[in-house]
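Okay, so here's the structure we're looking at.
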C-alpha cells in the first residue's frame, strides 16, 4: 500500500512537471524577455542617481546596489554601453 | 460504408507512415545523429534555447500548428466526395507533411536554429528571401481575415456557443492570474479550468445570444467580425502570460479531450458514410477537383505555416536531433488525425445522402458548419451527449482554435509592421499600438473590401490562402532539398512533393485568375496576380538554386 502510494506520488509529480513544461514551453522566451525588461527598468532606477538623474528614493536605491552588482555588467552592455558608465565602479 | 473503416485505414496508414517511412527518412535521408549537439544545448540561454522533453515539445508543436484550417479545408473539400479528400489527407500526411515538418526542424537545427526565412536567404539567395517575406505577410493577412469570418459564422449559426466562446477568454484570464500571481498548483488549476469550460459549454445552449440584424447599419456577421478584431488587437497587446499563454494551454487540453471523444464516438456509434465516394453530381460553379483539392486542404495534408513554427520555436528547444522525427513527423500525424476527424464528421454525420446534398449545395457551403453539425450527430449517437451540447462543444472547439490562431497571427503581423517601421525609419510605425492598428486595418480592408458590407471577404479568399500557404511549403522544401544536394543525400523524397506542390499551386492560381476575371472580382484578381507572381518567382528560384547546387556538386567530384 505504502509502495503504491509513493509510486502514485512519483507519477503525480512527474505529470505535474511535464504539465508545467507544456504550459510554459511556447511562451518561455516571451515571458523571460518581459521579465528582463522589467529588471532593466528597475536597474535603471537603482543606478539613476549615479548617472545624474535625480531620484527621491536614492537612499533606498543605494542600499540595493550591492545586490544588483553581479548583474550590472550584463545590464550596461545590454543598454548599449560598452564599458561601465560609473567612475567609481569598473566591472570591465 | 462504415466510418470505422475510414478511421482504421486513415489512422493505420499514418501510423505505418510514422513507424516505417519516417524511420527510413530519418536514417537514410536526413541521417539524424543522436550525438549531434543541438542548438538548444549549444546556445542554451534559458530564454529561447532550452532543451525540452520530446513529449512536451510535441504537445507544443502540435497545438501551435493545429488551427481551424485542418477542420475548414477538409470539410469544404469533401464536396468532391470522401475518397479524394481522404486520400490526400492520408497520403499527404505520410509523404508530404511529415517529411516537410520534420525536415524543417532538421534544416533549422543544422543551421543554428535559424528560421525558414533567414535560411532561405542563406541557402537559396536574397531574392528568394524577399519573396518569402511577401508570401508570409499574405499568409498572415489571409489567416486573420479568414478566421474572423469563420468564427463570426459559427457564432451566428450556433448562438448557444457565444457564452462558452467568450467565457473561455474569461477562464483563461483567471487561470493566468491564479498561476502567475497566486502561484496555484497547475494540475488543480487546469482541472478546474477544464471543468468550468465544459460547464459553460453545457449551459451555453440554454443562454443563446444573438446580435441584432442591424447595428449602425452593420449586419450581425459584420458586427461579430469587428468585435473579434477588437478582441484580437487587445489580446495581442497584452502581456502573453495574461491571456495568450493560459488560453493556448486550455485550448490544447480541450483539443485532446475533443479528439478522443469524437474518435470514441465514431467507434461506438459506427455511423455510415452517406456522402458519395466520388461526387459526380457536383453543384454548379464547383471548381475542378484537380488542382483545387490540393490547395483547399492545406493544413492536414501539407502546410507552409508548419515550417514557420518548426523552425521558429520548436527547433530552438529540441533536446536531441533524433527527437525531430517524433516532434515533426508525429506532429503532422496529429494534424492529419484532426483533418480525418473533420472528413468523417462532414461525410458520416448526416442521416441520408439527400441531407448531405442539401448542405453541400454549392462550393464553400459545407465547411466548418458541416463539421459541427455532422460531428455533433456522431457525438450524440456515440456518447449520448445532448445534441445541442455536442454541437456547441464542436463549435467552441473550432472557434477557440481559430481565435488563438488569430491572436498569434495578429501579433506576428504587428511585428512585421514594426520591423518595416525600423527598416524604413518610420518612428510611429515601430510602436506597438499603431502597428497593431495597421495590422487590424489591413485585415479589415481584406474582409470588407473583398466581401462587401458583411465582411465575408476572408472566406472568399480561402483558395488563395491555400495557394499562398502551399507556396510557403514549397520554399521550405526547396531549402531542405538544396541542403540534401550539398550533403549528397537522395533528393527525390523532398523534390517530388516540391514539384507536385508547385505544379498544383500554379495551376490553381491560373484557374482562379480566369474565374475572377469572368466574375469581374477585381480585388481578388489583383491579389491572385500578386500570389501568382510570387509563385512564378519561387519556381524560377527553385530551378536556379537546384541547377547551381547540382553543378557545384558535379564540379567537386
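One is the number of the first residue shown, and numbering goes on along the chain from there.
Quick reminder: no glycine exception, Cβ is built from N, Cα and C everywhere.
Since this is a predicted model, take the numbers as computed values, not measurements.
Annotated features, as they stand in TrEMBL:
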- B:3-347: domain 'CstA N-terminal' (DOMAIN)
- B:364-508: domain 'CstA N-terminal' (DOMAIN)
- B:6-26: transmembrane segment (TRANSMEM)
- B:62-80: transmembrane segment (TRANSMEM)
- B:86-109: transmembrane segment (TRANSMEM)
- B:130-155: transmembrane segment (TRANSMEM)
- B:224-244: transmembrane segment (TRANSMEM)
- B:256-278: transmembrane segment (TRANSMEM)
- B:290-314: transmembrane segment (TRANSMEM)
- B:326-351: transmembrane segment (TRANSMEM)
- B:387-412: transmembrane segment (TRANSMEM)
- B:459-485: transmembrane segment (TRANSMEM)
- B:492-511: transmembrane segment (TRANSMEM)
- B:523-546: transmembrane segment (TRANSMEM)
* To do: May I ask for the residues of the chain that lie six or more residues beyond the transmembrane segment (B:459-485) and have a Cβ under 8 Å from a Cβ within it?
  => 29, 69, 72-73, 76, 100, 103-104, 106-107, 110, 116, 119-120, 123-124, 128, 131-132, 135-136, 138-139, 142-143, 145-146, 149-150, 153, 287, 292, 294-299, 302-308, 311, 364, 367, 446, 450-451, 491, 494-495, 497-498, 501-502, 504-505, 508-509, 512, 521, 524, 527-528, 531, 534-535, 538, 541-542, 545-546, 549-550, 553
* To do: Please give the sequence-distant neighbours of the transmembrane segment (B:492-511): residues at least 6 beyond its ends with Cβ less than 8 Å from one of its Cβ atoms.
  => 25, 29, 95-96, 99-100, 103, 287-288, 290-292, 294-295, 302, 463, 466-467, 470-471, 473-474, 477-478, 480-481, 484, 528, 531-532, 535-536, 538-539, 542, 546
* **Integer average pLDDT (0 to 100) for the domain 'CstA N-terminal' (B:3-347)** => 91
* Mind checking how the domain 'CstA N-terminal' (B:364-508) divides into helix, strand and coil residues in DSSP? -> 127 helix, 0 strand, 18 coil
